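**Student:** Taken from Swiss-Prot, the feature site 'Important for substrate specificity' applies to 14, 76, 158, supported by sequence analysis. The active site, proton acceptor feature in Swiss-Prot is assigned to 75.
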């Protein structure tokens, strides 16, 4: 069976690049939904809920496009020492996040949601990443690029400066970039059967 068009509810250029790797037709649309964590819910419940809220908002905002498409959305966070690191709000927060990750292992969690007609699938993928120690001058140089400010945990593993300090990865690399491709592709295949 032919895979329907994907309606990607994301402003992330990285998610668009990743989805393009699957060589399936997709359209990216903008949705603005709050990415607020509920204290009473688990991390997994939160990222799955946020992803589903984005997908439902895309369905509401783009009814014509979504009527025959699979809607895909995601939410990525970094977890380190029991803290949730989302997108930093400024240089100081980016510096604190990046310094806390140096020489240590953290987890990257991506909740994703797929809506297709009445069908729904939500899940979460987790990848563990270990960084070598990074000198403060390198961290400041990276922050000066502006790259940390639209990324959970204040870094992009694919960014050349950061990639040179990754000493280990356990799980899906693409999950750290923003979308666990193999898990998403498997879920899409199940939806269209």
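A Cβ is built for glycine as well, from the same backbone N, Cα and C atoms used for every other residue.
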**Student:** These are the recorded sites: 76, 158. Which one scores highest on other Cβ atoms within 10 Å?
**Tutor:** 76
**Student:** If I restrict to non-local contacts, at least six residues apart, and a C-beta distance under 8 angstroms, what lies near residue 75 (active site, proton acceptor) in its own chain?
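**Tutor:** Within the chain, residue 75 (active site, proton acceptor) has Cβ neighbours under 8 Å at 35, 47, 50, 51, 54, 110, 111, 112.
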**Student:** Going along the chain, which residues six or more apart from residue 14 (site 'Important for substrate specificity') have their CB under 8 A from its CB?
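**Tutor:** Correct list: 156, 158, 177, 178, 179.
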